[in-house]
Amino acid sequence: MEAGNKIGSTAHPTSLHPPVRGDASSGTLGRHLARRLVEIGVKDVFSVPGDFNLTLLDHLIAEPELNLVGCCNELNAGYAADGYARAKGVGACVVTFTVGGLSVLNAIAGAYSENLPVICIVGGPNSNDYGTNRILHHTIGLPDFTQELRCFQAVTCAQAVVNNLDDAHDLLDTAISTALKESKPVYISISCNLPGILHPTFAREPVPFFLAPKVSNQLGLEAAVEACANFLNKAVKPVIVGGPKLRVAKAQEAFVELADVCGYPVAVMPSGKGLVPEHHPHFIGTYWGAVSTSFCGEIVESADAYVFVGPIFNDYSSVGYSLLIKKEKAIIVQPNRVTIGNGPSFGWVFMADFLSALAKKLKRNTTAVENYRRIFVPPGMPLKYGNDEPLRVNVLFKHIQEMLSGDSAVIAETGDSWFNCQKLHLPENCGYEFQMQYGSIGWSVGATLGYAQAAKDKRVIACIGDGSFQVTAQDISTMIRCGQKSIIFLINNGGYTIEVEIHDGPYNVIKNWNYTALVDAIHNGEGKCWTAKVRTEDELKEAIATATGEKKDTLCFIEVFAHKDDTSKELLEWGSRVSSANSRPPNPQ
């Protein structure tokens with residue numbers, strides 16, 4: 001687990017700069033905010049300048065431990081903060097008032113859906129303009145400045161409008177600590193004339209951040225463990241399934257502790273991939289209903305008890321509401337609640353505490369693991385093709401599988417990459433990220449930028465469809481400026497393939513680009529960037545050999561040509577079921 005993933009679970013370590021009396025020049029809001037960001041684990045802030053945030057950016061640049069990463073647009077800056085938070089535990093972006101804020105809003109909504117603490121900072125109007133009848137630029141032309149705030153209230157867990165230095169200290173610290181406690185984004189607006197003004201509340205270095213650890217209700221915890229142990233110890237072939245909320249609960253280690261002890265098969269929900277160790281001896285694959293990996297769905301759905309740890313059951317993860325799961329057989333463990341079948345529910349019981357305590361009470365039961373091994377047949381290997389035969393997508397992913405190690409991380413864009421990457425077997429410590437709940441196409445370009453900036457010890461391998469890439473392509477520029485060495489596989493199949501399989505139409509066909517030429521133009525001879533076009537398996541092997549050999553310290557962009565109908569069988573099945581769910585007629589009134 002990345003060290004940053006532990007943010008918020010306990011008190012923070014003492015800051016590198018102990019709280020001593022600062023000199024007169026350091027007692028400013030801008031200085032305080034910069035130090036706070038460094039202290040909670042943010043070393044890179046993704047930004048787009050605008051006249052209302054320029055003075056604030058000066059103060060962030062002046063902080064030696066903070067690196068300002070200028071992005072091509074606000075949406076990508078938000079996606080980058082999202083990717084950074086996945087690797088580090090917290091991320092931050094800075095934009096300007098309303099024109100910047102409303103542009104970054106979609107990325108912040110995505111971070112909210114995925115339970116990521118992102119500090120979204122906006123440079124706001126001059127403090128003297130609040131409460132007046134003045135009309136400002138960058139607004140919708142009304143003297144009411146609250147439009148941006150009202151939009152952010154729906155997609156953040158806390159909002160702070162700082163237009164007065166007397167309460168700025170409290171507003172900033174409350175917002176930041178709320179983001180870490182709730183594991184959700186927050187919105188902070190700072191008047192453009194305030195960052196550089198000395199104020200006595202900022203005369204000290206920030207006192208080291210402290211979040212009181214959450215402690216379970218002991219009686220509730222004991223009752224939940226006893227009830228669950230009784231339920232599971234009576235079961236013949238129980239299983240455990242990890243979900244996406246393992247991250248927000250910081251319970252990955254406790255999950256492994258339980259898996260080691262109980263002997264049950266371990267599966268992962270599609271949106272939890274990367275949070276459960278796939279090298280575990282009892283790992284059986286992805287549970288995704290009808291599109292589960294081979295033999296995993298059968299083992300989970302035939303179990304007489306299943307423990308779902310941190311699940312999100314939506315129409316996508318349930319494959320159009322078609323899971324064959326019975327509520328009375330399920331234990332649902334959420335970050336702060338445990339519910340057993342149709343029966344009792346225990347609140348203020350925290351996931352990590354619960355899993356560790358349950359591990360001590362379960363009888364070892366390997367029946368379902370043995371059943372899985374009895375019926376399992378390894379998936380067939382792709383057929384051999386002629387040298388000049390067009391490259392198949394399943395062959396591409398066979399070679400991507402061979403590239404993976406504990407020093408790599410996979411970013412999967414919304415689309416068929418969801419399904420192809422889901423079948424990759426992750427080696428120990430290999431990162432994996434995608435945005436399943438929000439499913440915003442284009443997310444992966446910014447997220448690759450942010451994740452790679454945070455996890456400099458890993459080489460990021462991003463799988464991006466051509467349709468998604470066209471939404472956010474510009475920030476390849478920022479990756480080159482930051483000297484990143486990610487490998488991007490651009491899968492060029494002529495359109496929005498995931499939409500085609502849900503509901504086809506002419507709107508799913510896009511204008512084809514010369515993608516490598518575009519990236520070469522963005523590169524423009526400055527920094528390290530290498531591109532290649534790949535049409536056959538031999539060309540793919542050659543490109544991968546170059547990217548992992550002589551170009552291993554370079555941003556590598558490999559455009560892979562695929563037939564528009566060359567999709568995973570899982571997408572075909574999933575698409576038809578989601579289409580069916582989308583097209584249900586209205587219930588009779």
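Any Cβ shown, glycine's included, is placed from N, Cα and C.
According to TrEMBL, the features are:
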{"type": "BINDING", "residues": "D466, N493, G495", "note": "Mg(2+) binding site"}
{"type": "DOMAIN", "residues": "28-133", "note": "domain 'Thiamine pyrophosphate enzyme N-terminal TPP-binding'"}
{"type": "DOMAIN", "residues": "225-342", "note": "domain 'Thiamine pyrophosphate enzyme central'"}
{"type": "DOMAIN", "residues": "435-560", "note": "domain 'Thiamine pyrophosphate enzyme TPP-binding'"}
{"type": "REGION", "residues": "1-27", "note": "region 'Disordered'"}
Intrachain C-beta neighbours of N493 (Mg(2+) binding site), sequence separation six or more, cut-off 8 angstroms: G465, D466, F561, A562, H563, K564, D566
Overall pLDDT of the domain 'Thiamine pyrophosphate enzyme central' (225-342), taken as the mean: 95
Other CB atoms, at most 10 A from the CB of D466 (Mg(2+) binding site): 25
Number of helical, extended and coil residues in the domain 'Thiamine pyrophosphate enzyme N-terminal TPP-binding' (28-133), per DSSP: 52 helix, 22 strand, 32 coil
Residue counts (helix, strand, coil, in that order) that DSSP gives for the domain 'Thiamine pyrophosphate enzyme TPP-binding' (435-560): 58 helix, 27 strand, 41 coil
